[in-house]
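Data block below; observations after.
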Amino acid sequence: MNFLLCIFKGVYVIKLIQRFFKLESAGGILLLFSAVVAMLLANSPLSNQYNDFLNLPVSLQIGSFSINKTLIHWINDGFMAVFFVLVGMEVKKELFEGALSTYQQAIFPAIAAIGGMVIPAVVYWFIAKQDPSLANGWAIPMATDIAFALGIMALLSKQVPLPLKIFLLALAIIDDLGAIVVIALFFSHGLSVQALIFSAVAIIVLILLNRFRVSALCAYMVVGAILWASVLKSGVHATLAGVIIGFSIPLKGKKGERPLDDFEHILASWSSFVILPLFAFANAGVSFAGIDVNMISSPLLLAIASGLIIGKPVGIFGFSYISVKLGLAKLPDGINFKQIFAVAVLCGIGFTMSMFLASLAFDANAGESVNTLSRLGILLGSTVSAILGYLFLKQTTKLN
């Protein structure tokens with residue numbers, strides 16, 4: 001009897017887990033859970049073990065070629081490159097077939113995204129300009145965490161109109177494109193010509209695979225792995241390889257199959273339930289030891305938090321409103337400016353993307369206090385934006 005009861009409980013738990021992973025908000029919830037666990041570990045008696053685990057040396061060697069990184073660097077440079085493969089595929093799909101496929105569809109979220117990148121950077125610069133050592137952090141509040149923002153919106157999925165969801169997705173995708181450009185232009189150092197040549201050859205092979213509409217995903221994975229390793233060695237940030245790989249996968253194969261859709265379907269679950277939660281676990285572990293009230297007035301913390309809480313909504317809403325009034329763009333049917341403002345606030349959730357940019361802007365040499373304060377600023381700004389964004393979205397969709 002007890003044995004049957006255990007089996008029944010086991011089946012019930014499995015069904016609950018399956019039901020959870022089918023939720024639209026499951027990725028966002030898991031992301032938040034991972035961040036909370038990381039913060040708890042970083043401020044517990046297990047903090048040393050947590051940090052030692054993240055700094056475990058991990059090496060990959062094939063003949064004379066080797067990559068030696070700590071575990072956290074493998075997560076940030078390797079796993080996040082896989083995430084950017086997914087981003088690249090999503091951007092390509094939207095550009096050719098989706099919400100960004102026509103000028104009329106693309107211009108409104110594009111202008112909004114530009115405002116959402118420029119104004120947060122200006123807000124950051126205005127607050128942090130007194131300290132030249134903080135100059136590199138201007139890009140941190142530019143980013144939007146797609147998974148988290150969509151996760152919050154999914155909590156109100158039945159109330160939110162479809163055009164508003166499409167606007168958020170298009171806005172976040174263009175935002176990611178901006179982040180990719182920033183990484184390429186400002187966070188690539190000490191370039192290796194030899195590695196860049198290998199990268200160029202790999203890119204040419206990917207272009208040929210795409211040109212001949214090769215559907216075998218293993219071919220893109222093998223060449224993509226070579227491209228990633230070459231880009232990593234070149235001094236350009238390795239996540240850019242992910243975007244190139246994503247763009248190289250064809251929308252349609254020779255026999256009408258859809259390799260991009262197939263690969264996107266595979267990676268979407270890995271990204272939501274493994275890669276992003278793992279990234280949050282590795283990067284959200286902020287230790288509060290030695291932190292006092294005076295740190296709240298730190299220019300770095302204030303600059304990042306203000307960029308996310310104030311800069312994002314002001315930039316997105318302001319540019320959107322002005323573009324419509326000047327006749328440069330048209331407000332999508334079925335949504336109003338109050339809802340645009342709610343989404344603009346929601347886009348202040350920088351979280352994993354902002355932490356990623358912070359890890360590039362301030363390396364280990366910047367000092368523990370700088371890294372801690374930057375992560376605190378991101379957590380504060382993202383948390384406030386998530387709460388306010390949810391409340392505004394709930395109110396505006398309810399009124400609608």
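Using N, Cα and C of the backbone, Cβ positions are placed for all residues, glycine too.
Database features (Swiss-Prot):
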type     : residues : note
TRANSMEM : 26-46    : transmembrane segment
TRANSMEM : 71-91    : transmembrane segment
TRANSMEM : 107-127  : transmembrane segment
TRANSMEM : 137-157  : transmembrane segment
TRANSMEM : 166-186  : transmembrane segment
TRANSMEM : 189-209  : transmembrane segment
TRANSMEM : 225-245  : transmembrane segment
TRANSMEM : 273-293  : transmembrane segment
TRANSMEM : 299-319  : transmembrane segment
TRANSMEM : 340-360  : transmembrane segment
TRANSMEM : 373-393  : transmembrane segment
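For the transmembrane segment (340-360), the partner stretch with the most Cβ pairs below 8 Å, chosen from 107-127, 137-157, 166-186, 273-293, is 137-157. Using a Cβ-Cβ cut-off under 8 Å and counting only residues 6 or more beyond its ends in the same chain, the transmembrane segment (373-393) has close neighbours at 35, 137, 140-141, 145, 148-149, 152-153, 155-156, 160, 283-284, 286, 291, 295, 298, 300-309, 312, 338-339, 341-343, 345-351, 354-355, 358, 361-362.
Taking every recorded stretch in 26-46, 107-127, 166-186, 225-245 and counting its Cβ pairs under 8 Å to the transmembrane segment (299-319), the highest total belongs to 107-127. Here the transmembrane segment (166-186) has long-range neighbours at 84, 87, 90-91, 94, 99-100, 105-106, 108-110, 112-114, 116-117, 139, 142-144, 146, 149-150, 153, 236-237, 239-240, 243, 316, 332, 335, 340, 343, 346-347, 353, 357, 360, meaning same-chain residues at least 6 beyond its ends whose C-beta is under 8 angstroms from one of its own. Nonlocal intrachain contacts for the transmembrane segment (225-245), taken as residues 6+ away from its ends with a CB within less than 8 angstroms of a stretch CB, comprise 65, 67, 77-78, 80-85, 87-88, 91, 180, 183-184, 187-192, 195-196, 198-199, 202-203, 206, 356, 360.
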